[in-house]
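Below is one structure, written out as structure tokens, with a few remarks after it.
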Amino acid sequence: MTYSFEKISGLSGSTETAQSQVSVGMGLLAGSTVMLLTIIWGTCIIVGKCDLVDSIAKDAQDTKGFSLTESGVSTDIWTSYAARIMVISVIPFLIVQIPQLFSSTSGSLAVLIGLIFSLILLITYCAYQVLQPWIQRRRIDYAKHKHVIFGLLSHVRDRFGRLLGEDGEPDREVIEKLFSAIDTNEDRNISEGEFRAFILGIRIEEIDLDQNDAVDRIMKDFDTSHNSLIDRDEFFNGISRWLRRVVRRRPASGDAGTHATNSLNAFNKEIKRERDLLKVGDQSDEVDEEAGSSKSMTIKAVLLLLLGAVIAGTFADPLVDAVDNFSDATGIPAFFISFIALPLATNSSEAVSAIIFASRNKRTTASLTFSEIYGAVTMNNVLCLSVFLALVYVRGLTWDFSAEVLIILIVCLVVGAFASIRTHFPLWTSIVAFLLYPFSLALIYVLDYVFGWS
């Protein structure tokens, strides 16, 4: 991540010097964001490409070569969420830019509002990172619960041949036969133990099922009287609710049984896709381990942030001075040095790490790689922008970075919106990402040196 020296420079010196230093820092912020979402993003797709089958990348299988549509990477749903969060993180840029759009003189108020909003987003994002393992576990548990629903309804279909009557409504006779099969002691109630024995007997496959959790969820769904027993009416009502969730509205014509079977098959495909996006089979243990070590990881992260702040505070001004001196000696605008050269240096280790990790050609590693890229940009947008806005507000500087803001908005919104609505990225998407980089350079040159935005 680009929490570089320029982010906190501007604390000392004259107002003119501080303004110059913040300008260099904004160039680095924009350049880092653009590089992460174009060059590094596109390279990770190329080095991590696998065969795409039904929009899912097959781990370590790369037989399609450089096919633009049949080769690429795919990620899990959590990576899409990370992209959506990245899109939301650009809101403070919009807030602080509003006075520029209307040539308003209330720039300092917009800077203050943008600062407050970016700090709120920063705190919210950090809280989300802490709570994410818990959220992920809940989603995984719910996906498993839906798989139990499918297993139970499939058992009814396979054993009794139908789910719906001729009128398209749940067949009470069939459901009561299932009730009798589960009620082994024939006391007209199903106990928790009887349901556990039934779930174990139908052998729901393709899932790491926690029997106790599955039974608890079913009992909670069906036992509306809260007496730890399920009678015939509660069982019929519970199965009927599940059927209505699974079986969509029956067409005007057609056999009810066939329609129920088709709906059940569609529900099964939906479950498999959801489980695949959540990576239930591969990541449930990792989530538990992550949750167990979250406290130590949080402490380590805080210490590293403090260490980074000390290092940045020590070397911020000398580095910015070096950029200014190099700019004076070569005649190259300081902004372009910070926009092009410095991001190459500051993001080099992250780029190498991401590329090596993505090259393992697995969906799990691709998901982690792209999540880290989106996370790095998000932190740039909330943490680094908060520092800039605080400097601008405290020192009374001028917020005059319309070109940089526009570039950040374009790249974040294009890549973020694209990545938030899909989980597979064919090879052609890397070409689009690469083209965004020279487009950004050309646009910022035109805006700065032709139209004089900054």
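Every residue gets a Cβ built from N, Cα and C, even glycine.
Features of the protein shown, as given by TrEMBL:
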DOMAIN    170-205  domain 'EF-hand'
DOMAIN    210-245  domain 'EF-hand'
TRANSMEM  24-48  transmembrane segment
TRANSMEM  81-102  transmembrane segment
TRANSMEM  108-131  transmembrane segment
TRANSMEM  301-320  transmembrane segment
TRANSMEM  332-358  transmembrane segment
TRANSMEM  370-395  transmembrane segment
TRANSMEM  401-420  transmembrane segment
TRANSMEM  427-447  transmembrane segment
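Broken down with DSSP, the domain 'EF-hand' (210-245) shows 26 helix, 1 strand, 9 coil. Within the chain carrying the transmembrane segment (427-447), a Cβ under 8 angstroms from the stretch's Cβ atoms is held by residues 30, 34-35, 37-39, 41-43, 45-46, 49, 66-69, 71-72, 339-340, 402-404, 406-407, 410-411, 414-415, 418, 453-454, all 6 or more beyond its ends. Tallying C-beta pairs under 8 angstroms between the transmembrane segment (370-395) and each of 24-48, 108-131, 401-420 places 108-131 first. Taken together, the residues of the domain 'EF-hand' (210-245) have an average pLDDT of 79.
Note on the domain 'EF-hand' (170-205): DSSP counts are 22 helix, 2 strand, 12 coil.
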